């Protein structure tokens, strides 16, 4: 089903039939911090993401395989996706040595060295047994000022996909996704797109973003890549977790997203709401007896008030973190469902306009939001000049607003708006 460039579809995986667009919580070592597999299931999570590098470090893919694979190991009956370990080229850059053979990491825990080649990455992921596995790509931070390095990484990523395909031992059981690279360079992205699409993998990811680039460049790359990828295969924008970014990227034709943002920001006492975020450590919530989100029917919003959560969050108690994490994942699942419903009912442009208006009630839409909506064929109306380009948030996801606090939304939400692209570090 399509509405403009936005699309809603079903994706059949070995363990689950998923509906897209969808958000995937990150469980770096197989578990989403603060939540059980049963809770994730009751919240409507369809796919959980695991990290190949960290899972191979501990507990080890051979042990996981002996336990029946990752699904059995973590007691998760639905879809799973494992990344290739490529992101660690960015997050552990100071511990990594990248060559044509692969990337050698020094373990941040015990100092052991691991050579991760395309073949090794696929072999590890074959043992882990996720429904979707990612090709090892050569990842360069989007903000790097090294044109030669981007050129090298783009062509190396294409060479590595052939090695990944050749090494893939379970092609009928696991879906191998290629990852489009090329930085912010339109020419390199086009080279990567054409080379990877020619390989005909079951799905494609858009990588190398959410690393601090300006929002106009981010949206431009997403728009270019979604337009160039096949219509009948999933499109996965890696590392995207801010709700506004997901609404925008879905308008541009993307299908899948992952990020630690909803869970990591919960550990800072920040709850997601339609107007932006609530920073529950702030004293203004001490006597606020409303639920986190009056539109949310999750267990936390039904049973607990902002006033109850405020002192717990201010003290950093794990109980508060778990409750806010539960709510934040509930929010992301509800937003994903709202996006799908709006596409199916052919009202996605109206949904986007309403969503953006709640985020920016004064009408001060950032220019990048207006421009990205135009790329999707959606007119927002007049803008008050707003926040300009915007910057992607820091990789730690601890800050809720890339474009700063805003009086209108802050007054309504008791916090600030979110607006950047969260990176996909350890969750």
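Cβ coordinates come from backbone N, Cα and C, glycine included.
It should be emphasised that the depicted structure is a prediction, and the values quoted were computed from it without experimental measurement.
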Region 'RNA binding' per TrEMBL - which of 225-231, 232-238, 239-245, 246-252 | 239-245
If you check TrEMBL, which stretch out of 253-257, 258-262, 263-267 is marked region 'RNA binding'?
-> 263-267
Could you give the Cα-Cα distance between residue 86 (substrate binding site) and residue 258 (active site, nucleophile), in whole Å?
-> 15
Candidate recorded positions 258, 296, 298, 301, 327, pick with smallest Cα gap to residue 85 (substrate binding site) | 258
Across all protein chains shown, the binding-site residues 85, 86, 208 give the max Cβ-within-10 Å count at 208
Listed in sequence order, residues not in 296, 298, 301, 327 with Cβ within 8 Å of the centre of the Zn(2+) site Cβ atoms = 291, 292, 293, 297, 299, 300, 302, 326, 330, 331
Cα separation, residue 258 (active site, nucleophile) to residue 208 (substrate binding site) (Å, whole number) | 13
